[in-house]
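Asks: First, the structure itself, so that you have it in front of you.
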Amino acid sequence: MFLWASLLKKHLKVHAKKNTHSCHLCGESFLHLQSLKEHQKIHTDVREYVCFESEKTFSSASSLKLHEKIHTGEKPYKCSHCDKRFSRLTHLKTHERIHTAEKPYKCSHCDKRFSRLTHLKTHERIHTGEKPYKCSHCDKRFSRLTYLKTHGRIHTGEKPYKCSHCDKRFSVSSSLITHERIHTGEKPYKCSHCDKRFSDSTHLKTHERIHTGEKPYKCSHCHKRFSDSTHLKRHERIHTGEQPYKCSHCDKRFSVSSSLKTHEKIHTGEKPYKCSHCDKRFSVSSSLKTHEKIHTGEKPYKCSHCDKRFIQSTELKTHERTHTGEKPYKCSHCDKRINNLSHLKIHERNHTGEKPYKCSHCDKRFSVSSSLKTHERIHTGEKPYKCSHCDKRFIQSTELKTHERTHTGEKPYKCSHCDKRFNNLSHLKRHERIHTGEKTYKCSHCDKRFNESTELKSHERIHTGEKPYKCSHCDWRFIRRGNLKRHERTHTGEKPYKCSHCDKRFSGASSLKRHERIHTGEKCTREVFH
């Protein structure tokens, strides 16, 4: 019901949609001529009405009056359903529709209805594709004024929304609200399938797709589908090769912003994530989480083929490929296929000769980061791996494992040609060459070949004259470390080799063997060298 006929006429135009007054600058239509005039002041930027309290300027007297109510706190319009009060009559009417569920504005393209005319107009632009709001800095257009304002802040760098808990600022109010929940711990969005809660509605939607299996985002290059639009974008960059994120310190580019952030911490040295069990710090939160599982012993990822468990999901995936035989990564230089992406990168460096990891103490470079870490311990003297049976410490975990087998007697590596077993894989390989006659290491100075790289190095010193091992007691130098040790015993008097038949001791293993033949009666056939 309406008090005046003029109000009824005005209302009927809403239903009749007689938007007779159009703006010649942006094309927007209005029911009333006065509304059009007020609107056109946005384009001309005429602001003749000034607030004396805040010095803000307005294009219309009505806008000024509404603004002044902020200072006076005046809210003359009270809801008839609840205690809420409003400074504007239009705000009251819009609010009351929450109670009445009235939606007088119907879309002319579909059956959707709206409680506000502005919401209807915005919605109809989905159907028409109309984008009346153009950015003054670039060619982008938008269907909503709020979208334009938010976009414009990219150009101006304006971040009007400041966190009340820290100094962070945001260009969008919704980003501020989501951020402040980090401080308050508020998680208003609860999963309808499980008890998980989220601080952001988009995170909830993405999570619920785990339960429903919904993957609405399809790759335009292949048949892969994704539950998250960001995952799709990241995936499509594999096809396009796009790397939009550039490091501000060097020329490296990345397809994912998180990869850029992680990389830039190499330059800044920033490691904000500290382990709660030890003093180690990390540049990435995921690295901290993985590390802390070493302390807790947690291995949440279990193999579906055997009982093995893993700290990381990537470790599990790689391991399961040993069961399935899957090798999804192919070398771009040869036909080799590999079950691990990081192993592929390392392998391809054999072809390219790339050694990106440089020692900070010397000029040596390495193709693998783990090799660099191991090498740098030679300079620092760090030996992080301690034997649980004695006080010996080692640079590498593999050295520790091999050493501990001397205590346990474990010999896991069996020769495929005879019954001999070894506690070290390299020792097994060396032994098996006796059976196969394989001599893979060839001298670069002559035609001699060797079944061990150490033998080759020692042999080549005969050609080069190099004697790197110097006696600490005299000036004698030696080609082999073993020869040096044996020589130094002449100075120290040390005799570590004891006869198993009597109490005699010897400085060299060969001297012991020769002596023991007296007890065993074994005859030694000496080689005669010409």
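Backbone N, Cα and C define each Cβ position, glycine as well.
Note that the structure is predicted; figures quoted are calculated from it, not measured.
Annotations per TrEMBL:
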DOMAIN    21-48  domain 'C2H2-type'
DOMAIN    49-76  domain 'C2H2-type'
DOMAIN    133-160  domain 'C2H2-type'
DOMAIN    161-188  domain 'C2H2-type'
DOMAIN    189-216  domain 'C2H2-type'
DOMAIN    245-272  domain 'C2H2-type'
DOMAIN    273-300  domain 'C2H2-type'
DOMAIN    357-384  domain 'C2H2-type'
DOMAIN    385-412  domain 'C2H2-type'
DOMAIN    413-440  domain 'C2H2-type'
DOMAIN    441-468  domain 'C2H2-type'
DOMAIN    469-496  domain 'C2H2-type'
Asks: On the 0 to 100 scale, where does the mean pLDDT of the domain 'C2H2-type' (133-160) fall?
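Replies: It averages 87.
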Asks: Could you tell me what the rest of the chain brings near the domain 'C2H2-type' (273-300), counting residues at least six beyond its ends with Cβ under 8 Å?
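Replies: Result: 262, 265-266, 309-312.
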Asks: Six or more residues beyond either end and a Cβ under 8 Å away: which residues meet both conditions relative to the domain 'C2H2-type' (385-412)?
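Replies: Sequence-distant neighbours of the domain 'C2H2-type' (385-412): 374, 377-378, 421-424.
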